[in-house]
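Reviewing the structure listed below.
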Amino acid sequence: MTSLSLLILIFIFAGWVSLWVLKPTEFWTRIWKGMEAKASTTAFGYNSLDFVVFTFPLILLSIIGFIYLELKRGEPRNRLGRKTPLTALSNPLLVNRYIGILSGAQILTSSLFIMLIIWTFYVRISNDLKKMTPLKSFKLSLWQYKLFRMATRCGLLSEACLALLLLPVLRGMSIFRFLGIQFEASIRYHIWLGSAMILFATLHGGGTLLVWGIKHRIQDEMWKWQKKGRIYLAGEIALATAFVMALTALPQIRRKWFQLFYYTHHLYVVFILFFLFHGGDRHFYTVFPGVFLFALDKLLRVVQSRPETCILSARVFPCKAIELTLPKDPRLKYAPTSVVFLNIPSISKLQWHPFSIISSSSVDEHSISVIVKSEGQWTSSLHSKITHAEEQDLEEDQRGCIPVAVEGPYGPASMELLRYNNLLLVAGGIGVTPFLSILRELSCSMSSGRNAYPHRIHLLYTIKKSQDVCLLDPILPLLLDIKQFHTKLSVFVTRENQIGTTLRDVLNEVPEAQTTNFSTAGTTYAVHGPERLAWMAAVTAVSSVMFLVSLVVFNHFVITPAAIQKNPSSQTDLLLVCSFAIAIIFAAIMAITLRWKRVTNKLQLFSDKQTKAVKQSSLEASRDLDEHDIHFGGRPIFQDLISTFARETGGSDIGVFVCGPQGMKESVALACRQPRVSQRNAKGKRANFSFHSLSFTL
């Protein structure tokens, strides 16, 4: 069934792409006009035809994607197999400080999209130049006419970018989840598409304004809100809104004033609405799939994060990091490297921040844990709140409950790390958090013998100060039993110089983390996670059907075929918005009902006693700790370290997972591509590296 679902997904996607290739041609225009003429005389109207052809394929792709993920989840999590040509495409092919790390798959996808853009523009312009019909309202010369048509066609290119813009940021939908694309890569696609959309929209608006200026028609045309055709004022408002969002999303502004970026980015509602009024309903149906799925995704995430739970306990590390422990329904399972989004209303009711889960659902059945490093304004406020409660030195039942809303977990559909014979984990600073969950999950698998597991694991951990090594405390028992878990640790401290200091000495000198337990009197709810994938597929399917039914009703009773030519085009657009609102309201009712049944029927009562116990291992009694090493005063030379690891493993499939600063990721990616890194060993085997970049920030 899994293979059948995958074939159906490929077939639908191929058909959708073919539609975009044929759309600019005269052949498609002739066919489409005939189909639309026939549909207009039926009760369904041309609206339903546009929806079924341009919108529904992506929605159907999402529905079947949920089914595929549900079937894949039920498969046994065994070793996935050796390196294949498809997995080779995920390796870094281009590493550049300006554009980052690009894999073969990303370069191929980007190239195909650029080719589609060029093809669309070329065919459209060629058809326009063949017709060369002079405009009635403008008496344009040949070059002015060409410029005007090129500006108009740039608007269609902007529309193509907008059609894909929202798909990469669908957290709960299946579009990117069944492709196994990481959060970091999906955000990069979103940024690329947004930048391209702004560029083409600027060329569209700027070229049009230039022609108007040449003909002295700017004042007459710029402020028009026409009853029919393109509403120019709506397009100008949409373009101005896009500029505001793009400006505040620049890295320099986003990192320094995150709240400004966060709040202005919600202007997408204004942008999409005025784009609808500017382009009209026929053009909007190509953009509508992303908008519809994004609205459903947002709705399901809002419902999922209710009701709120509370923090069970917090461990304050000396490096200004806090480990938060939250209650979890024991039925909730997630894969390592999964991410949750947290919202603490007492700090900000609107801000959500992503954090990697450090716990394992196979080990911790009743709790879920994350580590938060105090770096920004929101995390600093959380650190102050926790430390203030600790300094008060009150009894556990006197410490107030800290409500927290949780969205997720979101993570890979399968344990990708089981594909490899050996693992090389490279972490920088707080970037070690995804690897904590990986190591804990693997230790559980090794102990129970459920799955095949990597033969050797090497964790390279780069930190600025030696006290930051305290973040390894959750996996310290695994490091103290290296013979059983085959895990080696190499720590690199970049801003300190110490001679003769061992890892044992550093761990003995680091102050012990302080644990604070909080009251749970404010709520009795645990983290339940997203709805079942089958139910999410049902909500998506039913809501899309409701949208289509609403269109048919409005088309039959409000806008009859005879009245289409008389009514303003904005009225048709408003009815499309009403149909969209009806579908979303119906989806909200379904989602709230499902969440209510899940919370009431599967409620996991908890108490402070369920907080996980932290086992203090005896560092002095462990000899295995001496197998690990620590280096001071410099950054690791990844090329030498990776080459050594390849020789030690005897030439095999090696999974390289990196989480940390961008410069570190680029260095590791370059090291994996060096020829001498993959030299053959004495037995003639060559090490195959598969690079994976992990991230939980924007």
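Yeah, the Cβs are placed from backbone N, Cα and C, and that goes for glycine too.
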Report summary line: Among 2-22, 191-211, TrEMBL lists transmembrane segment at 191-211
Report task. Quick one: average pLDDT across the domain 'FAD-binding FR-type' (295-416), no decimals. Result -> 84
Requested in this report: Six or more residues out from either end of the transmembrane segment (574-594), which same-chain residues have a Cβ under 8 Å from its Cβ atoms?
Outcome: 47, 273, 276, 281, 284, 291-292, 295-296, 299-300, 303, 531, 535, 538-540, 542-544, 546-547, 550-551, 554, 558-559
**Report entry** Within-chain partners of the transmembrane segment (43-69) [C-beta distance under 8 Å, separation at least 6 from its ends]
**Finding:** 2, 5-6, 8-9, 12-13, 15-16, 19, 35-36, 167, 173-175, 177-178, 281-282, 285-286, 288-290, 292-293, 413, 533-534, 536-537, 540-541, 544, 547-548, 551-552, 555-556, 559, 561, 576
Query - Remote residues contacting the transmembrane segment (257-277) - C-beta distance under 8 A, at least 6 residues beyond either end - result: 162, 231, 234-235, 237-238, 241-242, 244-245, 248-249, 284, 287, 291, 350-351, 376-378, 570, 573, 576-577
Report task. Mind tallying the domain 'FAD-binding FR-type' (295-416) by DSSP state, helix then strand then coil? Result -> 29 helix, 39 strand, 54 coil
